[in-house]
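Per TrEMBL, the feature domain 'Fibronectin type-III' maps to 30-150, 154-246, 298-395, 400-493, 494-587, 597-683, 684-777, 781-879. Annotation source TrEMBL lists transmembrane segment at 906-930.
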């Protein structure tokens, strides 16, 4: 039970709500718990007595009060009023639940008091006074304490904002956070299973959620809880919301259940696809006369009894006089009315007469009334018609009490709540509108809330500013008057966003950053923080202080930088300013690094004895492209252009030089690099004299350096080149030797050679072109000739033919050795391969051999090869017996041929062995000397 104490100059209490127990004045001395209410001077305390009358008590006064059941009710005072109430116990003690801000309580002779039912995160002021013989002493100095923060209060049940066949959109109001900001909400549902088992469907900081993928025409139960850093509140009351249903399908044809003389009973089944929970309204129509159908029933039942079918009559559900009076004359109509539901309240007659309309007056605004009609004639009174529910219009609501602040006022938002206007019949369906305006500025009023809730949170406020809020109520009749304005001062907050800082470049390595003062948001700025970096990801804190500028040094030339500013006060750090980008100016190039001497240069254009190739690395240009480089060689300056390699020519051989290089751009010349000391090489050696010392048909032996060996060092390397078929010179030998045999040449061919000496001083020039020719090849050695005896003492000698050699003609020489001769004699020279010899001595041993001669085309030179192996032949007489002659002739012949054959084989083996040995020695020399 709540009792409101109105401490004003004079105000009567409104009628108490149903069920409230009024407080009574204390009568008698029975041991009871009382409340002693102190009325200040100039104030009036109004209270309702047991008989319902109002009693006014002028202050100063102390009024002891109690409830009839002996309990002490909680005391609630109006906002802004701090009452001084002393509670004491007569002949006993006890605890009183305190549910309002600051009250002071004391109990009898006890020296301590336990206060319960306090609000979390609320400041309380307590003071004590003593009573003796109904005389109260002065109050002590007030003591102040603050209760701890607690979990949020239980929120109200969620509300339905939108729905369809497949989703439900829910909203809920934030409950009292009890000192700790609400961080999240937990929304649970039963998934439409109606089994009291809830599952979480949303967890977050929003106060609305859309539940999707639902079934049409189905009810779902929801509840919500709030969560802060202290704990979780209890769940709100459960609420059921139902999705919209789908259009029902065509139901089956009705079935006839019973039939009477003037009625029939029909029934039908629910259409397929509709759940049992989905309400369905059926309309039964009947066809009477004509092709049209007329409704006979509309409701949710699946059966209907249609009566009055004895004659053709049109039925409609509306209030109208019966068309058939039964011959009883005019009718009298009785109109009855009741307030609220027609099943509860009593019916009162408001009209009785033959008229067919009536105006009902004296009704309460925004009230629901039920009307019904019946008729009376000489035959009696008919039954009442179906009741018609009518609701009267509203009056604009009265003024609301001023809004009040809930909890602590933050720097950007404030929680407000208000009481609805007094109930005068016009408060049903009330909507509230809260307006705000700033005190310091003459701005127009701004509506910050409109809705049915009696609390709201106003955000996007300025820290440390003074605002006024007022509220008014509205219903379907319009808006009521505004309440008195409530003045609210927001708490100091973090500073606002600073303006973008200004960057001034004092040099290519130094920048000065300045900025303007930032809005304090109700608290003085304690420091500014400047972040600086190459890009947004590399920002670092470079300054923190109260100055309005900062100098940044050690920057890189022609580089991009960015910065941002942030202000800080006792409430925290404000947001960063917009990102400011800048770029340092260009500067002269840095000193050249990596300055060194290159060992290899283009030998066709430069010589290492008179030229030096200098190479360096490109330095940092510092924002301006390098245009050229300058090389300092003693007092001489050489401009090279935009290159990183330069050949200094026209130098003295075997001399030392000092070099430095610097880069230049549009901003000027940079510093010189470190000194480079380089030395030119000596002059390369001259080419040696080249000569041919041995000529063969397939090889040439070359020699060089007879008299120049003393001029060349031991480290001199010779490069011998020969011209190929494409008139290109290829290297055939490179090494320190002074001789080389060129193999695999063609006979009687001309070859060109040149030679070069290479030493530490470099590669010397090539010698003049030397041309040498190979000799002609000797003809091949023939096999032993074949000798055959002819008639008489003659013989015929034949040998194999040799083709012409490179256009030279071939001739043959035939030598014979016989009898007592010691030397072979030439018996034939010519181009034939056979020769007959006569006049031989009988039984004398002859030897024949043959060789090949090569004659040049101009017959100036003739080359003869080696002789073939000798063939033996002994002529025999022809007058011997045939057998003896044959035997005698065959034996020497066989002997001669056998010997010839044996000598030929031996000669062939000797030639093959010598050829293999020559090839092997040539391969070894080629491998060890040339390679």
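Placement of Cβ uses the backbone N, Cα and C atoms for every residue, glycine included.
Counting same-chain residues at least six beyond the ends of the transmembrane segment (906-930), those with a Cβ under 8 angstroms from any Cβ of the stretch are 732-733, 735, 737, 740-741, 743, 781, 868-869. Between the domain 'Fibronectin type-III' (400-493) and the stretches 154-246, 597-683, 684-777, 781-879, it is 154-246 that has the most C-beta pairs under 8 angstroms. The average pLDDT computed over the domain 'Fibronectin type-III' (154-246) stands at 91.
With helix defined as DSSP H, G or I and strand as E or B, the domain 'Fibronectin type-III' (400-493) counts 0 helix, 41 strand, 53 coil. Helix first, then strand, then coil: DSSP counts for the domain 'Fibronectin type-III' (781-879) stand at 0 helix, 46 strand, 53 coil. Across the domain 'Fibronectin type-III' (597-683), DSSP classifies residues as 0 helix, 42 strand, 45 coil. DSSP places the residues of the domain 'Fibronectin type-III' (684-777) in helix, strand and coil in these numbers: 0 helix, 48 strand, 46 coil.
Taken residue by residue, the domain 'Fibronectin type-III' (154-246) breaks down under DSSP into 0 helix, 42 strand, 51 coil. For the domain 'Fibronectin type-III' (494-587), the number of residues in each DSSP class (helix H, G, I; strand E, B; coil) is 3 helix, 46 strand, 45 coil.
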